[in-house]
Structure formats: structure tokens, C-alpha cells
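Notes follow the structure.
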Amino acid sequence: MNAAVMTSSTNFSDYVIADLSLSVWGDKEIRIAETEMPGLMAIREEFAAAQPLKGARITGSIHMTIQTAVLIQTLEALGAKVRWASCNIYSTQDHAAAAIAAAGTPVFAVKGETLDDYWEYTHRIFEWPNDDKGAPVYSNMILDDGGDATLLLHLGTRAEKDASVLNNPGSEEEICLFNSIKKHLAVDATWYSKRLPQILGVTEETTTGVHRLYQMHKEGKLAFPAINVNDSVTKSKFDNLYGCRESLVDGIKRATDVMIAGKVAVIAGYGDVGKGSAQAMRALSAQVWVTEIDPICALQAAMEGYRVVTMDYAAEHGDIFVTCTGNYHVITHDHMAKMKDQAIVCNIGHFDNEIEVAALKQYTWENIKPQVDHIIFPDGKRIILLAEGRLVNLGCGTGHPSYVMSSSFANQTIAQIELYANTKNYPVGVYTLPKHLDEKVARLQLKKLNSQLTTLTDEQANYIGVQKAGPYKPEHYRY
């Protein structure tokens, strides 16, 4: 474990970070980020006096970046208490974690932490100090990215009743997760079932986590209501598309210094993340190829001028490979075995299993620098694997810009307020925020860009059948 428990001058030590001395740097960057996050800061100002999250004890599992620090401080400004961990072993910005710890917020995040560390920290964000009378205190809200915090409580509760659910791990990550659950159950056989019923709800940030929630609900396993933040238009069409359009290339270039112009860039998946990734590569004059399973998305890619191919075909021709599907083994061992010498392979989807990284463990790995590895095949060929197949934009870069994260985190904050304040209105299920709140976030964001919205006249509003103040589109409208 490469983390260290750092103790501050006020004896607050409920955190695990890399280096508390980085907090000054973190604070300076947080102040800059605030100026680029108009939507989130406007919500902080609007609701601060009302304290709508007073009494909320939020377990947060999301990338511990500078932008997330602004989110944490916003939740606290609205009355919440939080405990935080990163949702990815490589995505933490250590100076951001230090700034949050120095301010007295429990945070457990170190860039490059091990998988064992990761699951230990995910447990720690559910472990609150007892109250003044010595009574136990539990989380009552979850703010999740990828669904790991939600998964932990559900799987652990099942394991209390049937330990066999931990018998057959399917990956290195599951081995570490299952071992972590076994360790906690050995100390407290009801650790999970004591905490699960206390959760009022979860707000989920990303596509992969949303898929998990819908599947759990379909199977009757979801224990509390969830708000799907990912499918708010001002999240998915902005964070997923415009955020990836800027952060993908930043991560690749920081890692490799490669010239992108003229190279064949293969984008696996043409959803919102794939669209942004393809735009980024084309903007730097790459030859962009797209792989897709969905004929509609494939047709969109073709109409944008991209060449639509299969990965089987692209493998031996591509120079740069980017997975953004949310699926499993999109790039397999056999694909990588066919790739050119020095081909670059990376992922911008949430989990590392889009690329069959486990199959590469049999070969020699030569570390170039943090999160950049040469994989050396028996014939001497090398491919460059970035962030061990995890999120390249956060593993090798600093993630999305503050401005676009303002939209996402404004939605997260609104969702936390809505679910915490109106829990009785949400039976167990998966929900999205109403369109008028989506439009509110967009209005707040527009102010930063010196934009001017046209106002409908009464006659115009009546003619198209909408309210002058919106919402302007029906729920089924596709932006």
C-alpha cells in the first residue's frame, strides 16, 4: 500500500491521502475551478441559506479530482456531511484529496492505490464515528460513479446470508472485492445489513453504473431508489461528448507525446463518448475508424464521414485504439496480437474490462512511466497500454475540464436534494430528473458563455404548445 495516513495539526486524521502538504496547491486550483463551474456555484448560492441537505450523510464514490472537490464543498455548504473515496485507482489528483482532508472532510484516495486499498477505502466511506452518546451513525445517501459503493452494500448483505456468492470471482478486481467483504464479515457478520436499510437513495453519475442499477431493479435486488443522473441531457450530451472530446487527447498526449495527425485512430463505440472521442481525433487530422454493433449509431458514424469497420479488421491496421462502449472484451488478446508494433491501446469507458488486459499478464511488461506500459509479445512486438486499460483521461490526464463538470455536478447536487428531501415520492426504482431541471442547469451554464436566450412571445408559446418558461421539448425528444 503506497498510501499514508497523514495527521493534521488539528488532530483530524480520518483520511488516507498521499501528502497533506499538497493542500495549498489544491486550494489554489479549487479556486480557479470555481470560476469555471457557474452552474454548480449558482446552485450553491441559491440553496445555501435553506440548507436542504442538513442531516444528509453522504457516502461519495467518484473520481477525487479538483472538480469533485468543488462538488464536495457545495454539498457541505448545503448542510450535508460527507465521506469520500475515488471510484478509480488511478483517477485521484493527490493535491485535490489533500485540500479536502485539510478542510476536515474524511477522504480516502491516493493516485495509484492498489485494488485492495480501493475496496478498503470504499468500506471506510460507510464507517462514521459514533455520535456524542456513543450510538452508531450510518450513511443515509450515496453519490456514486460506476456503482461500486451501491454494489458493495448489496453484495455484502447477500453474502451475510449466503457466503457462496463470494466463491467464484471472475477477475482480479472481484478477487480483491470478495476478500475485502470476507474480511469485514469476519469482524462483524452484520456489517452490511446494518447499513443497507439506512440508505434513502443513490444518485448515479455514469453509464456503467446506470446499467447496473437497471439490472438490479429488473432482478428485484435494488434496495433503495436511484436517480439516473447520467441520462440528464446536460450530463450525457455534455460531459460524455464534449468532456471526452477534450480530455481523451489530453490523456493520450501526456502519456505518449505521439503525433496524431495522419494516424489511423480506431474508436470502439459511437455513443456520446465515442462521438466526442471521434471528433477529437478528427480535429487533429487522424484517419478515424469506428466499430459499432448498433446499426443506427453505425449509420451516424458513416454519415459523419468515418469509416465503419469491425475490430477484427481494424486490429492490424490501426495506430491508436480507444474503447468507449461500456461492454466486455471489446479488444481481445487476439486483436492485440495482430496489432502493429507500438500501437497505442486505451480505454475511456468506466471499467478496465473493455480491453482483455488479464490476458496480457502472461507477457513481459515494461513500465515507461506511471500508467504507461510496453507489453512485449513473444516475437518482440510491443504495444503501448495506457492506464492498464482503465480510464485514460483520468489515469494519464486530469479528466474533463471544470466547465463541463459543472453541468454534471449541478445535476448531481440537484438530484441529491430531490431524493433526500422527497424520499417518500420515490419508491424503489430508477428515475431521471425532470426536464425543467435539465433546462435550469443549461441556463445557469450559459451565463458563463455570454450567451443570450431568445424569449418566446405569448403567441409563439401558444402556437407550439409550451410554457414561455419551458420545458420546451417533450420527454421523448432526442437532442
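Placed from the backbone N, Cα and C atoms, the Cβ positions cover glycine too.
The substrate binding site annotation in Swiss-Prot covers THR65, ASP145, GLU205, LYS235, ASP239 and is backed by sequence analysis. Within 10 Å of the C-beta of GLU205 (substrate binding site) we count 27 further C-beta atoms, all protein chains included.
Just so you know, the Cβ of HIS350 (NAD(+) binding site) picks up 24 other Cβ atoms within 10 Å once every protein chain is counted. The feature NAD(+) binding site is assigned by Swiss-Prot to 206-208, ASN240, 269-274, GLU292, ASN327, 348-350, ASN393, with sequence analysis given as support.
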Open item on the list: Using other CB atoms within 10 angstroms as the count, which residue among the binding-site residues THR65, THR206, THR208 scores least?
Closed with: THR208
Open item on the list: Please report the distance from the Cα of GLY269 (NAD(+) binding site) to the Cα of ASP239 (substrate binding site), rounded to the nearest angstrom.
Closed with: 16
TODO: Drop a 10 Å sphere on every Cβ of the binding-site residues ASP145, ASP239, GLU292 and tell me which sphere holds the fewest other Cβ atoms.
DONE: GLU292
TODO: List the residues of the same chain that sit at least 6 positions away from ILE348 (NAD(+) binding site) in sequence and have their Cβ under 8 Å from its Cβ, in sequence order, or write 'none'.
DONE: CYS244, LEU248, GLY251, VAL273, SER277, VAL322, THR323, CYS324, LEU391, VAL392, ASN393
TODO: Please state how far apart, in Å and to a whole number, the two most distant Cα atoms are among THR65, ASP145, GLU205, LYS235, ASP239, the recorded substrate-binding residues.
DONE: 17
- [ ] Give the number of CB atoms, excluding that of LYS235 (substrate binding site) itself, located within 10 Å of its CB.
- [x] 29
